[in-house]
Amino acid sequence: MEERFKQEFSWPLFFSPFVSRLGDALFIFGLNWFIVKATGHASLLGIVQGIGGIILVAGDLFAGPMVDKYNRKIIMLMADAVSFFACLIMAVIMDVNEPVFYQLVLLTCVIDIGLAFNFPAAKAVIPEIIRSDKLSIFNSWSNTGLTLADIIAPLFGGFLLTLHWINFKSFLIINALSFLLSFIFTWVLKYTPEKDHTKETMPILQSLSKGLNYVRHNRDVFGLIIFDAFLAAMYAGFTLLLPYDVDRYYNGDERLYSYVLTLVAVGGMLGGLSLVLDKRKPKVKNNYQDAFILGISLIVTGIWVNYLLLLAIALVYGFYTARMGVRMMTIVQNATEVAYLGRVFSIWFLCFDSMHPFGSFVFGFISDWFNHGTFFVLGGLVLFGLLVVYLMERTPE
């Protein structure tokens, strides 16, 4: 689509991921609560989510070439439709009092496959619809909306649990409705592909290899993806450390933990809104500057065990991670040719989705060894990632 025909903002493109995210968050909330309640332990839940994570990573491998080969709007519609029917069918056949393992695995895998295809397609389609000078503002509003969905979901989920007639089937139906709404918003989306994606007949693996080569020779994008892999491990460690810290030093008070999580979300919203007000063009160096501030803040937090300091780092963490995420999204969209956007986003998400569980595994042990001092390790990991990127940029092609 020519630049003059593009939009400054698209409400369908804003609401489609918002309602889908809200439904997914409610589904995960309900899954965690009812499955643990039904089985009496978390092992089944952990196995199901672990298998789903593997499927998500595998989906990332194939999604990129498909998103670049076919009409991206159709891929988004198909992903929503499949997820809608999966939730609806399981809501009919599943026994919530005695959940069957294969049903839970099948449902989780189908939803994760839909996510693996929908997410890169939704991100790749944005620069085809939104004007290049408005990408940063749109991405900032979109990120703020997703953060708001993450805040609303547990509050709404907690309210639903107070209704005695609510069960896991109810959460499945709500998630199905969210996919249906997302389908409708995507259906009314005004979208004309910039190229005929069906012309590319290259095999999937060859197409993915071509995408990897493209990323490798785009220094800014390559550096950002490598650095985001370090951040993915840090995110996982930070998420694990917060409940551990509250449990160990503040008597496991659930209210204190909820305040910390609330400030992470508030920080995320403020971070997104700060970029809405920032009229400057996003630059790679701005991301690295924010990362440096975050790294130093994490290290400082590790010096003292203090609840107010924990609240402060939660706010700082939410603020700067949101800014880095939005800015990176915009930079990648601007720096990548439309024909490669699907593969670039899939490669990025593949790195992130691979490093996040690895970070969870490693920091599960590190937290036990270093306790509150794990904040030092998290901050050091961010600074080490910056050093790696700096050395990469100094290395000639």
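Backbone N, Cα and C atoms are what each Cβ position is placed from, and that goes for glycine too.
What TrEMBL annotates here:
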| type | residues | note |
| --- | --- | --- |
| DOMAIN | 1-397 | domain 'Major facilitator superfamily (MFS) profile' |
| TRANSMEM | 12-36 | transmembrane segment |
| TRANSMEM | 42-62 | transmembrane segment |
| TRANSMEM | 74-94 | transmembrane segment |
| TRANSMEM | 100-126 | transmembrane segment |
| TRANSMEM | 146-166 | transmembrane segment |
| TRANSMEM | 172-189 | transmembrane segment |
| TRANSMEM | 221-244 | transmembrane segment |
| TRANSMEM | 256-277 | transmembrane segment |
| TRANSMEM | 298-320 | transmembrane segment |
| TRANSMEM | 340-366 | transmembrane segment |
| TRANSMEM | 373-392 | transmembrane segment |
TODO: Decide whether the stretches the transmembrane segment (100-126) and the transmembrane segment (340-366) have at least 3 CB pairs under 8 angstroms, with pairs required to be 6 or more apart in sequence.
DONE: yes
Task: Same-chain residues at least 6 beyond the ends of the transmembrane segment (146-166) whose Cβ lies under 8 Å from its Cβ atoms - done: 17-18, 21-22, 25-26, 29-30, 33, 262, 265, 268-269, 272, 322
Task: Cβ contacts under 8 Å made by the transmembrane segment (12-36) with residues that lie 6+ beyond its boundaries - done: 42, 44-45, 48, 76, 80, 87, 96, 99, 104, 111, 115, 118, 122, 125-126, 129-130, 138, 141-142, 145-146, 148-150, 152-154, 156-157, 160-161, 167-168, 170-172, 174-179, 181-182, 185-186, 188-190
Task: Cβ contacts under 8 Å made by the transmembrane segment (298-320) with residues that lie 6+ beyond its boundaries - done: 238, 242, 245-246, 249-250, 256, 259-261, 263-271, 274, 290-291, 372-376, 378-380, 382
TODO: Return yes if the transmembrane segment (340-366) and the transmembrane segment (172-189) have at least 3 CB pairs under 8 Å (sequence gap of 6 or more), otherwise no.
DONE: no
